Amino acid sequence: MDKETIKAHKISDEEYTQILEILGREPNLLELGVISAMWSEHCSYKSSKKYLNGFPTKAPWVIQGPGENAGVIDIGQGMAAVFKVESHNHPSFIEPFAGAATGVGGILRDVFTMGARVVAGLNSLKFGNIHNEKCSKHQKYLVKGVVNGISHYGNCMGVPTIGGECAFDECFNGNILVNAFALGVCKSEDIFYAKAEGVGNPVIYVGSKTGRDGLGGAVMASDSFNEESKSLRPTVQIGDPFSEKLLMEACLELFKTDYIVGIQDMGAAGLTSSSFEMAGRSGSGMKLYLDKTPIRESGMTPYELMLSESQERMLICAKKGYEDKVIEIFKKWDLDAVVIGEVTNTGKMELFWHDELVGLIPIEPLSEKAPILSRPISEPKYLSEIKDYKFELKLSIQELFIQMLQNENINNKAFIYDQFDSSVQTNTIKADGRLGASAIRIKENGASVAMAIECNSRLNYVNPKIGAALAVASAGRKVACTGAKPLAISDCLNYGNPQNPEVMWQFAQGCEGIKEACKELNTPVVSGNVSLYNETEGVSIYPSPTIVSVGVLEDANKTLKASFEKENLSVYLLGESLGEFGGSMVMKIQDKKVSGSLKELDYKAEIALWDLLYKANQNSLLECANSVGIGGIAMTLAKMFAISSVGANLTSGFDDEKMIFDESASRAIVGLSKENEEAFLNLAKEFGVKAYKLGVSTSQKHFKLDSIELSKAELDKLYFESFKEQIQ
């Protein structure tokens, strides 16, 4: 095998030596391509696995943790929630519409593969500077393309997109982030797993035909960008949501039978990863007859068939003798269904082309025992340069308030979420635009499932460990503010180039933060994804661990809003304000800096707040609640009253006026009627949570907070209309 071919497959000299040892000979091109894909960062997690192994993954309510297509938790009365968040960053930067659309398609398949009907989607989007003349036009093109791709796929599938977050920063100029989350629901006893066992059991290919789109996608997503990346468009998959809708319905029909042993979606690395993962998990072997693969392009080679990432395809291990029944279901839905292989006990993947053996590869070294790297790490030099920076006011409070509320990181994103169908399936209780976590009703048990997606890249830049822990806490707090109990998380870890020791240190610290927070807050990790090499021309993104917290409220009718719908409601701030300005939005807007330091998270205070919110809501003491986040109580209150029908007369009580922009954790704003104040304050005292009365909601159409005063019309214009103008 010549060195240029090996290099083109991103195989290092050390890895090639391992390949020779595993095979006992030189690989052919097909085998090299298969091994390259399975050992890519995207499929093998070779740089990250050693840090992920310490995550807490168990709890009495966890049915399935990491290692399957998606995580599963018990949501009561025999029902389960199946969910996962995943990235499609590199493809979305190259081809925003197709990249984002197929990102949604992939995460939907991960969930319905487990036997669940998908009932909700979320997304976390990060773009570059939309004001800089050099890149704003391209960034706006990316925003519009990505949003269009997400809405197109989700809407066509009939899956409501009910929430998300969108942020902008210069660090994403060369690498945008597109993280998609999906949640499905099924009976706890009806979960299907990705396994291929039982010698002689048939392996069936179902779904759309295979083309050349997406070739090398897993390898492409395991490398950084440079000027040559513009030629990578052919590696972006092309999605067809209508085919996926048929595939989902066919699979859900199949799941009502007892015809199959296991099922796996064909995602990154296509037929390669699905076959190796199914056999690897089961400790079995497999024969694949590649010439039987349904194709839509002529002249496709075994190499292309194994590595194509054409969308809307699944691999099924059926029970012997039930092949025709399985095929009949998929034919009914006008989908291809062909037996292309069988399970063996050899522990090897045997690839045939017109009855000729063209590839023979041991499965375990590519799946369960793929190489794990221990890359060098070192603390970034910039941390010592930024840690002592202190924020001081230079602008007036009113001026800062206005600048912040109309900033693209805070203002309303109706331009984005209005393109998503949030009410299809008629389960949505709380959707995008209503602040905080989103929530859906589970008709089978009357419960509400709340979910929130969170990632503050600036905080992770300032302190990767505490920043990651804060993401776990913040996502959980948003869920708690709906009245639900946070139960588990899914994570999508977006970082720069792992070959840079400073980036690897950031990643290791981020994992420590997640591990610590999940353990202390009792919200285990049940699924996730790692996206590395988010780097262009040597510049990495800020560390960006995206966390989705999922929780359950037993009675969906008790789901809390984040808006004040009545006048004369008492407005309270819960939790302590500690003067946290490191990595804050107010610093970024006033000083154009991301600097400072972060305080350690007080987990006892966080848990106490969650417990108080749950109990107060159970006792029907609260009218509304919202987590305090970016921009401090000033922005939290401004947004709550912007989406409300009433005005506000509020006084913070802070001696230092800048404290209204403090971003301390473990805080929430709640609204309650005056007759419930005494009972609520007694409960807060019982849980050890400080409660500060800020004022009341009023019938007058104005917003007043300390020296800040705006008419309701001015407030609404700043919040609701700014982004539409910025994105045009």
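Keep in mind that glycine also has a Cβ here, set from the backbone N, Cα and C atoms.
DSSP gives H42 (active site) a helix state. Around H42 (active site), taking its Cβ as the centre, 27 other Cβ atoms fall within 10 Å, counting all chains. Positions annotated as active site by Swiss-Prot: H42.
Other Cβ atoms within 10 Å of the Cβ of H88 (active site, proton acceptor) number 31 in total over all chains. Positions annotated as active site, proton acceptor by Swiss-Prot, on the basis of sequence analysis: H88.
Taking Cβ-Cβ distances under 8 Å and a sequence gap of 6 or more within the same chain, the neighbours of K84 (ATP binding site) are N69, A70, G71, I107, D110, V111, F181, A182, S490, S527, G528, N529. The secondary structure of K84 (ATP binding site), as reduced to three states from DSSP, is extended strand. Marked as ATP binding site by Swiss-Prot: Y45, K84, D491, G528.
Using a 10 Å radius centred on the Cβ of N529 (Mg(2+) 1 binding site) and all shown protein chains, the other Cβ atoms total 21. Taken from Swiss-Prot, the feature Mg(2+) 1 binding site applies to E86, N529.
Per Swiss-Prot, substrate binding site is recorded for S87, H88, N89, H90, R109, Q237, E309, S310, Q311, S531, and the stated evidence type is sequence analysis.
For D110, D265, the entry in Swiss-Prot reads Mg(2+) 2 binding site, with the evidence type sequence analysis.
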What is the interatomic distance between the Cα atoms of H88 (active site, proton acceptor) and D265 (Mg(2+) 2 binding site), given in whole Å?
16
For E86 (Mg(2+) 1 binding site) and H42 (active site), what Cα-Cα distance in Å is obtained after rounding to a whole number?
11
Shell list (ATP; ref centroid = CB of Y45, K84, D491, G528; cutoff 8 A):
L52, P66, V85, E86, S490, C492, L493, V525, S527, N529, V530
Where does E309 (substrate binding site) sit in the DSSP three-state scheme?
coil
Please find, for Y45, K84, D491, G528 as listed binding ATP, the greatest distance between any two Cα atoms, in Å.
17
Please state how far apart, in Å and to a whole number, the two most distant Cα atoms are among S87, H88, N89, H90, R109, Q237, E309, S310, Q311, S531, the recorded substrate-binding residues.
20
What subset of the binding-site residues Y45, R109, D491 lies within 10 angstroms of D265 (Mg(2+) 2 binding site) at the C-alpha level?
R109
